[in-house]
């Protein structure tokens, strides 16, 4: 007997209910009616042939023939209204009231996994819920041949005999496979294969029932990505067994997709590994690029596999960096250089002659990136160069003409762009290292702005470990570099967690030692009088001298100077306040050294402060501090302490010594003696803020050589008492640290950014930094290849609070940057560059490194015997610019007038000026007397008479300009002198010669005579014309003057003598006719007077 039989016979509740149905004439419950309706639609033939077997599925109740008399068969829903009509107790009333609907329609079971509406974000207001109406009932299936079933014993259930459930599952899988085929990542589009039908299931029935069942299942029930809109469901094929599920052709995004029954599908086509994503370049409408592209190479992009296993985050970031202006924020040591080298390699392949530029803020960083790109990307060394400011401009110009890949500092790049040495239109890729510096007016920002003026088709890749500490600083980086997308990873990101080793961070806080408390007490008593004076003047509100800071004093000084008291105070009071502020600000730095770095740096600072007061140096208040009794007592205490080599002036320094010693002892350092001391297996790096602190830490650790071999690592600038390190020395220290010559580096901020110092097992932060950028740069130096330790040494109070603030700020900023909701990106300035329709496919392969790249020397330009000359400055013209001059009317949108619209204005003929009579011009006798009496005579005790200048006096001196002091000669004076010089050159026989010339011209034919030609032209009687040589043409000979006067009696104006004389000049030049060999040798008498013009022209 099966479990179903036991359920029907042994359940006392069911038997009581059957007895009550017979007595109360009530219909069966709805559950029994639904089960009976489903049983009637099944194939009843197979059930009759099973004598000793029962269908054990959960939706049917079938009993044996022997037990039929014991159990009443349930009526069908269609017979519910008349099944108990002939029962004798049908009319008896019952105390149980059961609602019986008048119309009953058989309904199939509905499996609902999700809502039927399309997916939508949670913040959107949804509309009313709606369910698709039920389809019309299918026609009754045709009877099929019964299939024998295997008889099983009690307790065995066959869950695969429900054809409806199998068909529904097959239909759901068909829809799921159709969705996966549409989202295929492979290039070949293969339609999913049809499912194989089972032999023991009816074909037509399965098709019909599965179709009805699929209508009630939501379209997106099996979608793995809600951002994709599901396609309409395809007609499913027949399937009766879960073992005959269709095979998926793809799996989106490498996620393991399973069915409702926890069964995974298998893919036939090859697909990307788990975690890798495929991105296509964005489709944009833009002008074609000016770069020459390699049409054969742009169909694929190369991903090097030289370094072994492919990292998913590097693959995905590289793919986005090829097609977008990308800001990459990765923790230190996770392969930002590999990403940059891969992107540079692909753009090198895609273009024929375009140039690629990698910029880094310092020269050591530039040299480090060169070696990394040579060994990873395989870019030929012959096409690569490293340019710095040390190279001559002529050499740099030659390199810009011949090479394609450049490694340089941003300052050198902007200088070459502005001078015209570099062509901005040829640059296709700009890689920016340490991109968090690209704010304000830094060289990175200037380079991008300059390139954008001339080039609209270039890509930007920005690399950094921490983009910024505030929203404003991150937005400034995005604006300065025109970033369109951000890829950020933290140490908690899932795709990089396996590549980041554990880092144990230990935070140790300290209190002031007894020596430090004594020093603070004495210094506080020394500075208290000056602080009280500032408080009396309301210039500073603090009371404790140990709370002084340089920044606080500077702000207080500015506020006091801007206040009414500061503006209205006397100059003496202003000088006093400024002097006190200056002295206190100088000692505020020493207070920080005492609190956070140690007594020895503090003592060095006080010695320098005391040395500035020797003799007459230093101000009044500075000498007042040095001569104070508490200051002298303080110096007497500090001097013997610092001279003791065993003295340690800060509790942090004592703890630092113990931590470093324990680390090297645990690692077995120094156990091999002096011979094995140079082969270190572990490294330690200590970060400090000031050089004095670095030297003090190195002094303490050098006591334990050779176990601890420390080396100070500082910047290039020289400071008081400390010389800087040039770049060659810095690189040498780094190389020795990698080799094991030094196993401990005590570095300032120069060791925080960028430099590949190598694998470090222990990081000790001697002082805390309030900047999240500096904090993360420090902590990122360990935990790259193996587990690392970080020890933070903090003083209680301000330093501890600064660390907590920096840590919280970093975590908050990483979340905001990853979300991208607080920032504005520049997608419009991120061009596609590639032609439309081109979608490169990844080509993972091993890159063959050229033999020339194995050379260890940097690719700097070789020194030449003769340095080439700097080329002339070249001005690059932006695209689509308007050359030439443009009128303001055209800029304002006005229409351009053609030449035909312009009408030439007719110039009127000038009328001759009437010559007034001589009597009207010359003063009368009465006017002359009035002039002399009123204007020429000055009445005084000694009358003075002002006379007109005499032109006849000093004739030789009037031919030249006389020297002046204040008032220079006017234009009239210069003209007068010029006229007198010309008159002086006139010879004595000019009258005779003029007559001869005029006589010769008058006897010539009319066609050749210049006089006749000038008179025959129209208008010559009234105005003066000039000849071709620019000289006035002669008018009339003297012999015909009176004849022309007779002809002009009709009212025309006669020619004046001056006009007639001026027409007789030589056409060949300014030399007058008077110039002759005979007249040049004549010497004029002193009393010679030139002839009158009227007399000259009137004589015949």
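Placement of Cβ uses the backbone N, Cα and C atoms for every residue, glycine included.
Residues or ranges marked as compositional bias 'Acidic residues' by Swiss-Prot: 1-21 (among others).
Annotation source Swiss-Prot lists compositional bias 'Low complexity' at 38-61 (among others).
Per Swiss-Prot, the feature compositional bias 'Basic and acidic residues' maps to 84-94.
The compositional bias 'Polar residues' annotation in Swiss-Prot covers 104-117 (among others).
Positions annotated as compositional bias 'Pro residues' by Swiss-Prot: 135-146.
Per Swiss-Prot, the feature compositional bias 'Polar residues' maps to 182-191 (among others).
The compositional bias 'Polar residues' annotation in Swiss-Prot covers 200-209 (among others).
The compositional bias 'Acidic residues' annotation in Swiss-Prot covers 212-223 (among others).
Feature annotation from Swiss-Prot assigns compositional bias 'Low complexity' to 237-249 (among others).
The annotation domain 'Helicase ATP-binding' is assigned in Swiss-Prot to 317-485 on the grounds of sequence analysis.
The ATP binding site annotation in Swiss-Prot covers 330, 331, 332, 333, 334, 335, 336, 337. Of all Cβ atoms in the shown protein chains, 22 besides its own fall within 10 Å of the Cβ of residue 330 (ATP binding site).
Per Swiss-Prot, the feature motif 'DEAH box' maps to 433-436. A Cβ distance under 8 Å defines the sequence-distant neighbours of the motif 'DEAH box' (433-436), meaning residues of its chain 6+ beyond its ends; these are 327, 336, 340, 358-361, 365, 369, 444, 462-468, 473, 477, 481, 753-754, 773.
Residues annotated as domain 'Helicase C-terminal' in Swiss-Prot: 655-829.
Taken from Swiss-Prot, the feature compositional bias 'Basic residues' applies to 863-875 (among others). If one looks beyond the compositional bias 'Basic residues' (863-875) by at least 6 residues along the same chain, the residues whose Cβ comes under 8 Å of a Cβ in the stretch are 392-395, 397-398, 419-421.
Under the heading compositional bias 'Basic residues', Swiss-Prot lists 1019-1028 (among others).
Residues or ranges marked as compositional bias 'Acidic residues' in Swiss-Prot: 1082-1092 (among others).
In the predicted model, the motif 'DEAH box' (433-436) has a mean pLDDT of 90. As a summary of secondary structure, the compositional bias 'Basic residues' (863-875) carries 0 helix, 0 strand, 13 coil according to DSSP. Secondary structure of the motif 'DEAH box' (433-436) per DSSP (helix as H, G, I; strand as E, B; remaining residues coil): 2 helix, 1 strand, 1 coil. Secondary structure from DSSP puts residue 331 (ATP binding site) in coil.
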